[in-house]
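I have a structure here, written as structure tokens, and I will follow up with some questions on it.
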Amino acid sequence: MDSASQDINLNSPNKGVLSDFMTDVPVDPGVVHRTPAVEGLTEVEEEELRAELAKVEEEIVTLRQVLAAKERHCGELKRRLGLSTLGELKQNLSRSWHDVQGSTAYVKTSEKLGEWNEKVTQSDLYKKTQETLSQAGQKTSAALSTMGSAISRKLGDMSSYSIRHSISMPVMRNSATFKSFEDRVGTIKSKVVGGRENGSDTLPSSPGSGDQTLPDHAPF
């Protein structure tokens, strides 16, 4: 058996013999990271594009650092001015809403909604519904007006009755019947009062009683 094809068993006493015949092969670092050239580009164009890409990435890193510094400076200025986070949030929301209103999607949606609204308002169904609601509103207004007139008329009748009743009371008091009744009541009252003043507890005798007297003692 040739020595190059030695047993590679780990338990073999001849292990590692092949390592004596292996030598280090130098590798170009540029070959490791280099990818195959893009189709349609020469090596010179590829190198130029890679150089430009590295430059742009470096500029992006620089701009991020500048932006972070500017944001810190802006936050410090707001803190010194006493601007709250809520006010900043409102400004951001307002700015975002303004951006949304100016966006193409929002404009197209608004135009589409306007077209739909115009179509709906011009449709026969919408017009019939609007006419029906208008007629119902007119009937309701007329019914309320009639009810209000009836209530006002009823209140007017009650007021007129109260006024007539108030006016009729003095007229009734000045009538002959009312005066005759008052005279009779006054006569009876004066007789009762006069009898009590004379020490007599008996009521005045009625006409036609004569000289009849009551017995001294009751027959008990």
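Backbone N, Cα and C define each Cβ position, glycine as well.
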Do you know which of S103, S160, S180 is annotated phosphoserine by Swiss-Prot?
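Matching S103, S160, S180 against Swiss-Prot annotations yields S180.
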Look through S200, S209 and state which residue has the annotation phosphoserine in Swiss-Prot.
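Annotated as phosphoserine in Swiss-Prot: S209.
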Using only C-alpha positions, which one of S96, S149, T187 is spatially nearest T177 (phosphothreonine)? These are the modified residues in the record.
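In terms of Cα distance, T177 (phosphothreonine) lies closest to T187.
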